[in-house]
Amino acid sequence: MSAKWHIVLILGVSILTHFVFFGHPNETVFDEVHFGKFISGYYTGEYYFDIHPPLGKLMIAGFAKLFDFKPGFSFAKIGEKFPDKKYTALRFLPNLAGTLLPLVIYLLILELGIPKIAALAGGLLMTIENAILVQSQYILMDALLLLFGFLCILSYLRYRNGRSKYYLLSIGAFGGLAASIKWTGLTFLALPIIWEGLRALRSFSWLKIKKWIAKTALVGFLALIAYSFFFLIHISILNRSGTGDAFMSPEFQKTLQGNTHEQNPNISALSLPKKIIELNEQMYKANKRLSSGHPYSSAWYTWPLMLRPIYYWVNEGSRIYLIGDPAIWWASTVAVLYAVLRILYLVLRRADTKYKIQNTLYFLSAGYIINLLPFLGIKRVMFLYHYLTAYIFAILILVWLISQSKNSKAIFATLLGVSAVLFIYFAPLTYGLNLSPKAYEDRVWFESWR
């Protein structure tokens, strides 16, 4: 089967799994209660405060406007029923991003030099991964983050493989887009920059080091321009007093229409660049203050074992959980453990054979570590969805590992078969379908899953 038909197959399965129950439930789910309010602010112009950069919310608000979405729904609590079908316009872009992500992963695997059959398996695994699917279905930011982030990595691999010099520009562009959705998107920029830096240092060539510095400066500049541009739009639209005023200084508040400081002659209004800087400072401080607990929070070291899924929504016998496909999740964790041991073995032996294969293993392992390390020192409340980027790198390590086996086709077929069965088994908790009490209990494999 050619790569073209692989793409058709992956896209077809992905459309099916992402859109088969699109719009269900017609009630607010988990953090939609926050993001729905924020998005509504772009229609009213009322200033809101969020700990995350604005791009994802801006994109969803702009898309929904094409379908005549009107603010007014309160997004007051989980389970609140939407008055009409226009809420689906808010859910569409994250779901579309989730639909396209398996294709990006397929292309990324090919760029790593891994065989096409392995790339096909990796793409198909992504289409039936329950946790990633859940995070794509609703008014949440992570699917957009993952799409832009892995497009950044794909751009880097294509640039490294000599496809086109213009891919250097798309590294900065897509990296900037990812960082403009959540700060964790910066890890997608960090991976190629650090990787190329290590290669330059290893060469002991001052010329290569200077080229790396110049390329890093260009990529960073493009990312910063994109990041600043979306904050400029964000602040320009939110020009009226709103719920976020109290987080900002009097000088910032003076620029908001209807704020009590607006007419105060003793306060000088901030310029636009200074407003962007202050907003980012307050976002950082607010992130640091998020120390209160949550019944479904979890520590980073529990994520590879999927010990604490997240309860997103319930309505009588129907529930939505952020829970992964156990076969994919735990197999990828085993693959990561193997990768660590394999790298230690290679380093201790200083093995230089099969350099390209080792290079792929090192690169994917670096991607996993870079996306897990930031959470080791964070004291704020954290959730299983914070692991998703590292998890996808774990899946890539798993695909690489299986591709090295002489029996790779049989192993991929077995993994896909078991994963598909478990995907269907847990689908009611993914899509919010009705389950009898016994059927629900059968799916709660551990007490910590409740």
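Even glycines carry a Cβ here, placed using N, Cα and C.
A TrEMBL annotation is a machine prediction, not a hand-curated record.
Feature annotations, reproduced from TrEMBL:
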TRANSMEM  7-24  transmembrane segment
DOMAIN    11-238  domain 'ArnT-like N-terminal'
TRANSMEM  103-126  transmembrane segment
TRANSMEM  138-159  transmembrane segment
TRANSMEM  171-195  transmembrane segment
TRANSMEM  216-238  transmembrane segment
DOMAIN    274-449  domain 'Protein O-mannosyl-transferase C-terminal four TM'
TRANSMEM  327-348  transmembrane segment
TRANSMEM  360-378  transmembrane segment
TRANSMEM  384-403  transmembrane segment
TRANSMEM  410-431  transmembrane segment
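Here the transmembrane segment (410-431) touches the transmembrane segment (103-126). Their Cβ atoms form 3 or more pairs under 8 Å, with each pair 6 or more residues apart.
Counting Cβ pairs closer than 8 Å and at least 6 residues apart in sequence, the transmembrane segment (171-195) and the transmembrane segment (103-126) reach fewer than three and form no contact.
Touching of the transmembrane segment (360-378) and the transmembrane segment (7-24) is ruled out by the presence of fewer than three CB pairs under 8 A, sequence neighbours closer than 6 excluded. Within the chain carrying the transmembrane segment (384-403), a Cβ under 8 angstroms from the stretch's Cβ atoms is held by residues 105, 108-109, 112, 114-115, 117-119, 121-122, 125-126, 129, 131-132, 135, 142, 145-146, 149-150, 184, 187-188, 298, 300, 303-304, 306, 308-310, 322, 324, 328-329, 331-336, 338-339, 360-361, 364-365, 367-368, 371-372, 375, 411-412, 415, all 6 or more beyond its ends.
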